[in-house]
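**Q** I'd like to ask you about the structure that follows.
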Amino acid sequence: MASRAWSIATRLCHPTSTKVDGYGAMSTPIFQTATFAQPTATTFGEYDYSRSGNPTRTVLEEQMAALDGADRSFAFASGMAAISTLVRLVPSGGRIVTGDDIYGGTSRLLGKIAPRLGISVEHVDMCDLDNVRAALSRAGTKTDLVILETPTNPRLRITDLAGVAAAARACGAICAVDNSVMAPVLQLPLQHGADIVMTSATKFIAGHSDTTGGILSVRGKELVEQIAFIQNAEGSALGPFDCWLCLRGLKTMALRMERQQRNAWRLAEFLSRHPLVTRVNYPGLAAHPGHALHMAQAAGPGSIVSFETGSVDASKAIVEAANLFSVTVSFGSTNSLISLPCFMSHASIPADVRAARGLPDDLVRISAGIEDADDLIADLGAALDAASGGGAAHAAEAAEAALAAEELDKAALVARIKQLEGELAESRKTREN
Ligand SMILES: *Cc1c(COP(=O)(O)O)cnc(C)c1O
């Protein structure tokens, strides 16, 4: 039979590895050891110390490199440990350009730690390529590193990956993409010209809210060597057991993400027709300003939706009234999660900066889990009802009507989502081959 390139769902279940355990174990053994005996006092074996390398970690890193299309991947103790390593690539006196809608922890690292290292940081609206080009080549400054997210968290704004990567290359800056929201199942930034892709393994890779981890997938010998050196020197690698949790998570990642995406799509459609909701951010909606660009560079809109109600009180009430949605930071879990980013994951960004960046306090972020979509819609609908004040009969009735309309439209909607998923799968195959 003619050889064909396996699609990602298959490759997730059948990783290839240079590490063989000798027994054909279907689950990668956990090498829970700090040290490895040396063959002689003056020669080293393949492994000597787990900070420098561990076989369980190697299996994870090899699989991630294959998925991301990288020369090599590195597993870190968390996404932030991985991003912190990116910052280490920048010399003192150097400069980073990043987006104005970025993860709160990244914003804190760049705002509070980078300046201590003598690194300056400029935040720009990455959705506007001219802005990015202007920032990169501002008179008298050389940019060393560009860090971008697309879709951004939490507003799901879309950046032109290839455009920014080309602009970064043109001025000699390293282009790093935080791909935590998409993971390799939905987006492959290295294919669009990025040098490094960061994925918080805490999210879709581990997938069950059971560990933290971060991956850097890197192109180019020089960058690979630098990152290997920094990881070993600083001791920020992921431990063997956590690597194993990530490896187990990877096997079901495509399955989970497809279900989560379908659920998110249904929730986004439901929210966009609800009277209490003033705005919905989801790149799968045709009305989303980045819809066409996103669909051209990714294989699906993902499972994160954010929305506004125009009232912090109403948003807070919704978050607290939803039963199936746990109120937690993070996303990408089997369980649906709901949060108020300005009070939770993004609270470390000062209020005036949030306001200047257009990050509204009433923004609610949902991460769709793998539960039944009808249950999720019913539960969120009830939470919206509750937020309408109970006494506010008009709004509650409107919510009921929206739910009824949703029931009517459901079959058509599911059919449309299936069709879109089919088209996306086709375009992904074309890209992969
Ligand atoms: C969660 C997250 C991070 C940080 O990852 P941790 O594993 O929590 O350290 C970075 N970027 C984005 C977009 C994230 O969502």
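Even glycines carry a Cβ here, placed using N, Cα and C.
Copied straight from TrEMBL:
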{"type": "COILED", "residues": "396-430", "note": "coiled coil"}
{"type": "MOD_RES", "residues": "K203", "note": "N6-(pyridoxal phosphate)lysine"}
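Buried or exposed, and what's around them? Tell me for each listed feature.
**A** Model confidence over the coiled coil (396-430) stands at 66, taken as the mean pLDDT rounded to a whole number.
The number of other CB atoms found within 10 A of the CB of K203 (N6-(pyridoxal phosphate)lysine), across every protein chain shown, is 26. Secondary structure from DSSP puts K203 (N6-(pyridoxal phosphate)lysine) in coil.
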